[in-house]
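If you check TrEMBL, you get these features:
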TRANSMEM  88-108  transmembrane segment
TRANSMEM  172-190  transmembrane segment
TRANSMEM  202-220  transmembrane segment
TRANSMEM  240-261  transmembrane segment
TRANSMEM  290-311  transmembrane segment
TRANSMEM  349-365  transmembrane segment
TRANSMEM  377-400  transmembrane segment
TRANSMEM  406-424  transmembrane segment
Amino acid sequence: MFNCLRLTSCLARSGTSSTFGSFSAFKTFSPARSFVSNALLVKPNGGGFTFRDATKNSLLTASRTFRTPVSRYCTKPSVQPEKGSKSVGYWLLGCSGMVFVAVVLGGVTRLTESGLSMVTWKLLGEKMPRTNAEWREEFDRYQQFPEFKLKNQDITMQEFKLIWYMEYGHRMWGRAIGAFYAIPAVYFWTKGYFNKAMKIRVLAFGALIGAQGLMGWYMVKSGLEDRFHEESDVPRVSQYRLASHLGFAFVLYSLFLWSALDKLLPAQKLVGQIPAATFRFKGLAHATKAAVFFTALSGAFVAGLDAGLIYNSFPKMADRWIPSDILALSPTLRNFTENPTTVQFDHRVLGTATLTLITGMFLLSRRRLLPPRAYKAATAVAAMGWMQVALGITTLLTYVPVPLAASHQSGSLILLSLAIWLTHELKLVKRLPK
C-alpha cells in the first residue's frame, strides 16, 4: 500500500498527459523502477516515451506496464495462511519424532528381553524403587511370573535392574508423548488454531495415543499369563499383540507426519493438463507405501517368534529355497503367524517384493511428469529401500545383534517416512471434474 501511495503521488506531480509527462518525472520515482524492471524505456523521435518488454521485445502501453505490478503490490492475497500454521506443524512434527523414538526404544526393549521385567501397570506411572528393600520387593514380584520360573532363574539383582530400567524408560517415554501431545493441543484449541477438519484429527490422535498405551499393557500381560506348559515353550509376549502394538505406533506416526507435512511442506501443484501416466504413478506410489507398511508389520511376527535366530543364511534357507518345515503346523493357516520358519520366509518374500516395487517405481519416476520435489522423494525411497534390505540381510547373517537389529527396525520407519513424503508430494495430483 505504501508503494501505491508513492505511485499516485508521483503521477500527480508529473501531470496527466498520456505519456505521464516528461521522462524526468520518473527519476524521482524509485518504486516505479522496481515495477518496470522487466521493461525497457524507449524514447521515440516525436517526444515522450513508451515501454518495451525486455523478455518479449514488444512495445507496451503505460497502462499495461503498470497494471500487473500495481495489482501485485496492492492486492491482498486471495488465500491467507491458517492462524498458527507453522507452530502447529512443528508441534505435530515433534509428536511424530517422539513416536519414532518410542518405536526404537520398544525394539531395543524387545531385543534385550526386558519387556516382562515390570509385572504391574499404573496409568500415571510406576514408582521407581529407591532403596534396597524396594528393589527386593520388586524383584520378588518378578519371581512369581513365568519368565523367571522358566528362563531367568539365575538372574542377579543387578541384571534385573538393567532390564527393569529399560522397560521403565520405554513406558515413561510413552507417557511423555501423551503430555507433549495433550498440553499444546489444549492451548492451540483454545487459541483457535484448529479448523474443523484439524479438530477431528486432534481427537483421533488423542484416541490413538490412549489406545496405544492400553495395547502396550495388553501385550505385556500376554507374557505374564500362566500359559507356557510345553517343554519347548518360551515365556514371551503374544506375536499377535506385538504386531498390533507396532501397527498402532506406525499408524500414529504416519498420521502425525502427514499432518505435519500439510503445515510445513505443502504439496506442490502441477499446472496445466496432467497426463494419465502421472495418475497411474500416484497409484504406484501409494501401493509402494502400503507394501513398506505390511513388510514392516510382518517383521513384528519375526521379532515376536524370534524367527531371526533360525536359518541364518541368505538367499537360501539351509541350502533350500523352500525349507522342509515351512508347513509343519496344522491347520495350515497357523504356519503364517505361528511357525518361525514360515514367518521368516514370508518376511524375506515380502522384503524382496517390496524392493522390486520400489526399484520399479524409482525407474518409472524418471519418465513421468511429477511435482519437482517428488523426484527427490522417489530417489530417497529407492536409496533407503536398498539400504534397508542390506541391513536386514546383515542382521540375519550375524545372528541378530542388538545394534544391527535395532537399526533394521528403525530403517523400516525411515523408509515408511520417505514413502509418506513421496505420496504427500503427489497429494494435489487430481483429476479435474469434467
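Even glycines carry a Cβ here, placed using N, Cα and C.
Taking residue pairs at least 6 apart in sequence, the transmembrane segment (290-311) and the transmembrane segment (377-400) share three or more C-beta contacts under 8 angstroms. Counting Cβ pairs closer than 8 Å to the transmembrane segment (240-261), the top stretch among 88-108, 290-311, 349-365, 406-424 is 88-108. By the Cβ criterion (distance under 8 Å, sequence gap of 6 or more), the transmembrane segment (202-220) is not counted as touching the transmembrane segment (406-424), fewer than 3 such pairs being found.
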